[in-house]
Amino acid sequence: MIRRAGAVSLAFALMAQAVLADPSRVLVIGGTAAEIVAALGQSGRLVARDATTTFPPELMALPDVGYMRALSPEGVLSTAPDLILAEAGAGPVEAVEVIKASGIPYVTVPENFGPDAVAEKIKVVGAALGQSDAAATLAAKVETGLAEARAKAAEVPAKKRVLFVLTLQGGRVTVGGDDTAAEAIIELAGGVNAAEGVSGYKTMTDEAILAAAPDVILMMERAGAMAAKPEDLKVNPALAATPAGQAGTIVQMDGLKLLGFGPRTPEAAQDLRRALYGA
Amino acid sequence: MLVAEGITVSLSGRRVLEGVDLTARPGEVTAIVGPNGSGKTTLLKALSGDLPMSGAATLNGIAIASAPVWQMAALRAVLAQQITVSFPFTVLEVVRLGLTASAGRETDPRQALARVGLAGYEARPYPHLSGGEQARVHLARVLVQLGAPVGPGGPRWLFLDEPVAALDIGHQLQVMQLAHDFARAGGGVLAVMHDLNLTARFARSVALLAGGRLVAQGGVDAVLRDDTLSAAYRCPIRLNCAPESGRWYLPQMAGALDAH
Amino acid sequence: MTVTLAAGQPEVDRRARGARATWALLVLLGFAALAALGSGASGVSLGAVLLGIWSGEGLDARTQLVLFEIRLPRLAVGMLVGAALAVSGALMQGLFRNPLADPGLVGVGAGSGLGAVVAIVLGGLLPFQTPWLVPVAAFAGGWCATLILYRVATRQGRTSVAMLLLAGIALAALAGAITGILIYLADDNELRDLTFWSMGSLAGSNWDKAVLGLPFILPVLLFAPLLGGGLNALSLGEAAARHIGHPVERIKLLSVLGVAAAVGAATAIAGGIGFVGIVVPHLLRLATGTDHTRLLPNAAILGAALLVGADTLARLVVAPAELPIGIITAILGAPVFLWILLRQAPLAEA
């Protein structure tokens, strides 16, 4: 059976190679990758997207192949793409293997938030779509924006301590610690991550929250009734007792824009900096 | 022949049976009697292979403690005091459970049901039966397990733990008659009994236990006497005689009943 | 005499019904399998496949891929997992003499869950990466937990079912605590993997997984009915079953090992899927009675059909995406289960 998979995929690879030059039916998996496709002006080529794709809003009208970590191989193939652009976290592994075995060109877009990450993502997407020149231009523009953000961040005289709160469920506070996209964007906006020493996204104890003494609470935006209100901080007494809790300073931003590390990241850094320092 | 010598059983460190010797012959009903807590049921369980015991016990010459379960099952059937059936089987399905033993298949389950007075109950759900009916279903099941009273391995044995406890007087007589008939046909019956009158009527040999020890064993006349019973049950008991049924036993309540 | 015959009729009916049910269930499984093979997001239909074969034109590469590398292995894995869960449920219920028992009671669930979490969270530390890590770890975890439990519950050659139950609760708590520690260490992506693993899915099915599950599940399916007579007798209690001549300790050991093998393998290849193990045997007991020699094979067939059907729904409802199958089995299973309980209430009181 494994040999059969090989034979089938070989047949597919031969067929697929012919259309690789100019893919016209692109399936994008991952919100940041989709943003880049749109920023390159190529959203017309998209035939489907995954559940994490939320921007630009018109992409939401495309068929949804589900959450990127729980893909269905047949669902993916049913959209008949001639190119799949997937962020590195797409899965499960077995489903991705079958999808790759179909011979449809499968391009993995890196999923990180280091200094050159955004440019790298844009170049990968651009190359896959045959738009390397446009990608280089976009990458340069984003790089400039990021450099600007870094420069402004360095100028901030008294850096505010920012605590990124992922969830407040049941009064337990899950925060973004070291080596998270949340920390990266906070630093890019001229803040300091108040949750130093915590690795990844973790529940923080009450005393650690008090010791972290954040000036600002940063949260992801939720629509309507789900939106966080200053009163919500009161569910956790420790959080309410911090400077941020006392002053009721909550900053809320679109999650994908804030943490996605895509074309909108310079803008996100600027928005956050303005929210923190008013300039 | 059932021969038990020096049967001693300890449960959670306490000796509940101490050095009990017991002999039971095929062809007759052997009753084990004694007050509550005297070790009657424990003795029956030990002889059924349910409890770890010391001492020697053989059934038709086969060591009870070490014989494989299938060999014992071909030789004797056990009717325990209380049996819960955890799934809603039909009556016939419960009786057929006895068929799985190697000695089975000689007695038709329907015939066995008829013999315990439950003809026509085959398709009824077992949980819907009364306690007395359920007890008789299990009697039918052990009859099916044993088949004929005598098999190639010698006489077969019925171990009954208070077989009439849940029954009305008519069914008590019916069940005891069945046991008696089984013994008359060459099989062996060992029955734990509470009712001394039924014991006197159906058993030929009686073992009297008290405090985990054997007080007396022998014929009905030798064991079921005023003095032995009164001592064992710690209660004055007097044997009465009536011309038709032979004898019956009445406890003597302080004075009042004595007036006659 | 006539009375006996007339009254005996329903009994004959009941046993015949069990045999007829086997055929009916096989037909049902056939339909479920055809529906699973013939439907899916890609629109490849059985009609088109048959036409392609019949007309001699053969199938194009895409149809072949969808059919032979996606739907067929998924059908195979679904049937194996469904049958394994249902048969294991019936075995556990027979062993514990309780219609609500499930394989979780002998620690398989807790153990394989812990194994999977260890693999997902700590797998990154290994020098090599393989997609086999999670299934193998889940399977090993399930077996270890069961063997530990069995050792704990066995004294002087006799295994106490009550002890098995209590030690199982303790072991599940311990495994839960260790799982909790590991979840705390897990990063964001690992957490999401864990969530999806615990909901169960057939989305990752491939021939490798079917081949992995087959040697553990198929023997259990084939040999479980041989334990049927013993489990029937066990419903009278252990002592009575022994008196009738059943090797009770061997029946307990084989049941527990069989469940550990089948459920361990099913969990390893499809994650945690609930309710099949309780609903399927229960439905069958209502329809054809408790006789385990019939119940066990019928449970295998109905379990397979039910899971394949649920998976087909999971694939179609939100196509081209799909729902985790655990959600479908719970959404369908829980109301059915409640309905059964309500219907049964008067009988239980009687």
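A Cβ is built for glycine as well, from the same backbone N, Cα and C atoms used for every other residue.
Heads up, TrEMBL stuff is auto-annotated, nobody curated it.
Some features that TrEMBL has for this protein:
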- C:23-54: transmembrane segment (TRANSMEM)
- C:74-92: transmembrane segment (TRANSMEM)
- C:104-126: transmembrane segment (TRANSMEM)
- C:132-150: transmembrane segment (TRANSMEM)
- C:162-186: transmembrane segment (TRANSMEM)
- C:216-241: transmembrane segment (TRANSMEM)
- C:253-279: transmembrane segment (TRANSMEM)
- C:299-318: transmembrane segment (TRANSMEM)
- C:325-342: transmembrane segment (TRANSMEM)
Quick test of the contact rule: Cβ under 8 Å, at least six residues beyond the ends. What residues does that give for the transmembrane segment (C:162-186)? 96, 104-107, 109-111, 113-114, 117-118, 120-122, 145, 148-150, 152-153, 155, 194, 256
Would you call the transmembrane segment (C:23-54) and the transmembrane segment (C:299-318) in contact, using three or more Cβ pairs under 8 Å, pairs 6 or more apart in sequence? yes
Distant-in-sequence neighbours of the transmembrane segment (C:253-279), which means Cβ under 8 A and at least six residues beyond its ends: 77, 80-82, 84-92, 94-95, 99-100, 102-103, 106, 108-109, 111-113, 116, 134-136, 138-139, 141-143, 146-147, 150, 159, 164, 196-202, 205, 209-210, 212-213, 216-217, 219-221, 223-224, 227, 231, 303, 306-307, 325-326, 329-330, 333-334, 336-337, 340
Residues of the parent chain within Cβ reach of the transmembrane segment (C:216-241), under 8 Å, 6 or more residues beyond its termini: 80-81, 83-84, 87-88, 90-91, 94-95, 97, 139, 161, 247-248, 251, 254-255, 258-259, 261-262, 264-266, 290-297, 300
Cβ under 8 Å to the transmembrane segment (C:104-126), counting only same-chain residues 6 or more beyond its ends: which ones? 92, 96, 133-134, 136-146, 148-150, 164-165, 168, 171-172, 175-176, 178-179, 182-183, 185-186, 190, 193-194, 197-198, 256, 259-260, 263-264, 267-268, 271-272
Under 8 Å Cβ-Cβ from the transmembrane segment (C:325-342), and at least six residues away from its ends along the same chain, one finds 198-202, 270-276, 278-279, 282-283, 286, 306-307, 310-311, 313-314, 317
